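These features come from Swiss-Prot:
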DOMAIN    400-519  domain 'RCK N-terminal'
TRANSMEM  4-24  transmembrane segment
TRANSMEM  29-49  transmembrane segment
TRANSMEM  55-75  transmembrane segment
TRANSMEM  87-107  transmembrane segment
TRANSMEM  115-135  transmembrane segment
TRANSMEM  177-197  transmembrane segment
TRANSMEM  207-227  transmembrane segment
TRANSMEM  230-250  transmembrane segment
TRANSMEM  262-282  transmembrane segment
TRANSMEM  284-304  transmembrane segment
TRANSMEM  324-344  transmembrane segment
TRANSMEM  356-376  transmembrane segment
Amino acid sequence: MEGSDLLTAGVMFLFAAVAAVPLASRLGIGAVLGYLLAGIAIGPWGLGFISDVDEILHFSELGVVFLMFIIGLELNPSKLWQLRRSIFGVGAAQVMLSAVVLAGLLMLTDFSWQAAVIGGIGLAMSSTAMALQLMREKGMNRSESGQLGFSVLLFQDLAVIPALALVPLLAGSADEHFDWIKVGMKVLAFAGMLIGGRYLLRPVFRFIADSGVREVFTAATLLLVLGSALFMDALGLSMALGTFIAGVLLAESEYRHELETAIDPFKGLLLGLFFISVGMSLNLGVLYTHLLWVAVSVIVLVAVKTLVLYLLARLYGIRSSERMQFAGVLSQGGEFAFVLFSTASSQRLFQGDQMSLLLVTVTLSMMTTPLLMKLVDKWLSRQLNGPEEEDEKPWVDDDKPQVIVVGFGRFGQVIGRLLMANKMRITVLERDISAVNLMRKYGYKVYYGDATQVELLRSAGAEAAESIVITCNEPEDTMKLVEICRQHFPHLHILARARGRVEAHELLQAGVTQFSRETFSSALELGRKTLVSLGMHPHQAQRAQLHFRRLDMRMLRELIPMHTDMVQISRAREARRELEEIFQREMQQERRQLDGWDEFE
């Protein structure tokens with residue numbers, strides 16, 4: 001595709017997305033179905049604006065690659081090990097059972113047994129991109145059904161390797177002598193990637209983070225994702241699997257949230273491109289010619305996979321209200337079918353329009369999933385109105401923070417220690433990489449990143465947290481963060497550090513009433529001790545401290561609308577005279593009751 005054609009295609013993709021997705025959302029059919037319909041409209045079987053579908057479809061697979069990297073970031077190796085039973089148990093059972101049933105049904109038509117086997121395996125796979133997108137939209141990520149769904153998708157990615165290796169064997173074109181040397185080299189290369197990633201990625205990102213240039217960090221993240229995808233593709237393995245492994249290797253690093261933030265915009269755009277490309281690939285000519293065959297095939301495919309998945313969910317012990325969600329979200333065909341069926345076609349396993357029929361079936365099955373999930377939602381809403389089963393409780397990984405602490409210098413560390421000592425779940429965001437490395441050694445959950453990025457706050461748990469404590473060194477960052485929280489996370493209770501009186505004024509103007517002036521409190525405490533050292537009774541000095549604090553806060557509030565220096569000086573003189581009168585009355589009262597302690601606010 002030439003440069004001008006590529007630019008034209010880019011403009012058409014953006015126009016289709018901007019026009020179709022908001023319309024689809026307004027109609028209540030979801031963004032994914034909107035992308036698919038937009039692809040049909042601009043593709044060769046629609047208005048014909050774009051004809052080179054295969055090249056664009058291959059490029060758009062990067063959306064799945066970026067998505068799998070982010071999924072890997074959310075899973076550390078220990079959690080992945082905990083999922084081994086569901087990955088190799090339920091995942092393997094789903095692929096084998098679905099493939100056997102679907103292959104048997106294909107053999108009842110004109111498919112040879114070899115073509116039926118490949119067709120059954122390809123149709124047994126689900127769309128990673130669509131399933132994960134729908135699981136996020138439905139809030140399934142932290143549910144048991146969502147975890148099981150991810151396990152099934154992960155096994156399907158692993159099954160790509162033997163499935164592709166099976167094609168030449170079924171076609172009878174496999175080499176007589178198996179090339180063990182070539183296989184050994186691939187295994188060594190894969191092991192080298194794991195070892196290198198395990199010991200090199202953190203030091204490399206630490207070096208890049210020390211530069212303090214955000215654009216370089218983003219470039220390094222893109223290099224990691226695309227490089228690992230290209231490396232796995234060169235080995236003949238799944239690109240998505242490679243980036244997933246890279247994500248897992250960085251899941252426990254302090255850069256996790258910053259990596260998510262850097263990747264997320266690219267992931268969203270490329271996923272949209274992928275769904276548009278799938279819509280463009282729909283061959284309306286084959287659909288029109290074999291309408292009955294395709295319609296029956298789509299219904300049978302969705303029904304078989306839904307039934308298999310539902311039964312496996314029941315055997316696994318998924319609660320009844322989540323089984324249909326789990327089955328429905330994985331009921332479609334997947335993007336891997338395009339790769340597998342193209343490989344099989346090059347080996348002449350399919351005859352006539354067989355490959356086109358299968359691809360049309362896969363594409364239409366993807367379009368049924370958002371509609372099926374809407375039906376499941378309606379069914380669930382009726383089910384949830386009934387009495388709950390006492391033994392069934394929602395499974396939630398309760399690691400969401402109660403408090404987000406922004407900045408972990410000396411001020412923030414004191415707050416963090418107090419919160420952790422009282423068993424509060426906190427997530428800390430810090431831009432000083434040396435502080436991040438130091439605090440992580442002491443068991444703090446500290447992450448490297450710029451907290452003024454909305455997506456970073458969201459991925460750090462701002463939507464679930466109750467409070468945010470802002471201890472930034474720069475007043476500009478503090479005020480920007482307050483504005484972001486007010487706009488995007490209005491439920492958060494904002495507490496902030498004010499370095500001085502000016503910043504305290506700005507916080508009050510922004511509506512933040514819970515703040516602490518770092519020098520004010522410590523200076524006031526030292527002043528109280530000074531009064532005691534000069535002979536004042538301790539409780540009298542305590543009262544003096546309290547009155548001074550109250551009056552100072554009142555002055556702050558009254559001076560907010562006053563901007564001239566003369567007005568502030570005049571008001572400060574009045575406050576000083578008022579404070580002297582208060583102290584005079586207190587001293588007279590204390591002479592009558594020197595040993596009494598008052599309760600004060």
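Our numbering is plain: 1 for the first residue shown, then up by one each step along the chain.
Using N, Cα and C of the backbone, Cβ positions are placed for all residues, glycine too.
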Message: For the domain 'RCK N-terminal' (400-519), how many residues does DSSP put in helix, in strand and in coil?
response: 52 helix, 25 strand, 43 coil
- line: Outside the transmembrane segment (87-107), at least 6 residues beyond either end, the same-chain residues with a Cβ under 8 Å of its Cβ set are 113, 115-117, 119-121, 123-125, 148, 151-156, 158-159, 300-301, 304-305, 308-309, 312, 316, 330
Statement: Contact set of the transmembrane segment (115-135) with the rest of its chain, CB cutoff 8 A exclusive, min separation 6+ beyond the ends, reads 30-32, 63-64, 67-68, 71, 94-95, 98-104, 106-107, 141, 146, 149-150, 152-153, 156-157, 159, 163, 166-167, 170, 240, 271, 274-275, 301, 305, 329-337, 340-341, 344, 349-351, 354, 358, 361-362, 366, 369-370, 373
Message: I'd like to know if the transmembrane segment (324-344) touches the transmembrane segment (29-49) in this structure, counting it as a touch only when three or more C-beta pairs sit under 8 Å and are separated by 6 or more positions.
response: no
Query: Taking contact to mean three or more C-beta pairs under 8 angstroms, with sequence separation of 6 or more, is the transmembrane segment (284-304) in contact with the transmembrane segment (4-24)?
result: no
- line: Residues outside the transmembrane segment (207-227) whose C-beta sits under 8 Å from one of its C-beta atoms, at least 6 past its ends, are 62, 65-66, 69, 201, 243, 246, 255, 258-259, 262-263, 266, 433, 448, 450
Query: Residues sitting near the transmembrane segment (262-282): Cβ under 8 Å, six or more positions beyond its termini, same chain?
result: 13, 16-17, 21, 31-32, 35-46, 50, 53, 56-57, 59-67, 69-70, 129-130, 133, 217-218, 221-222, 225, 335, 338, 359-360, 363-364, 366, 455, 459
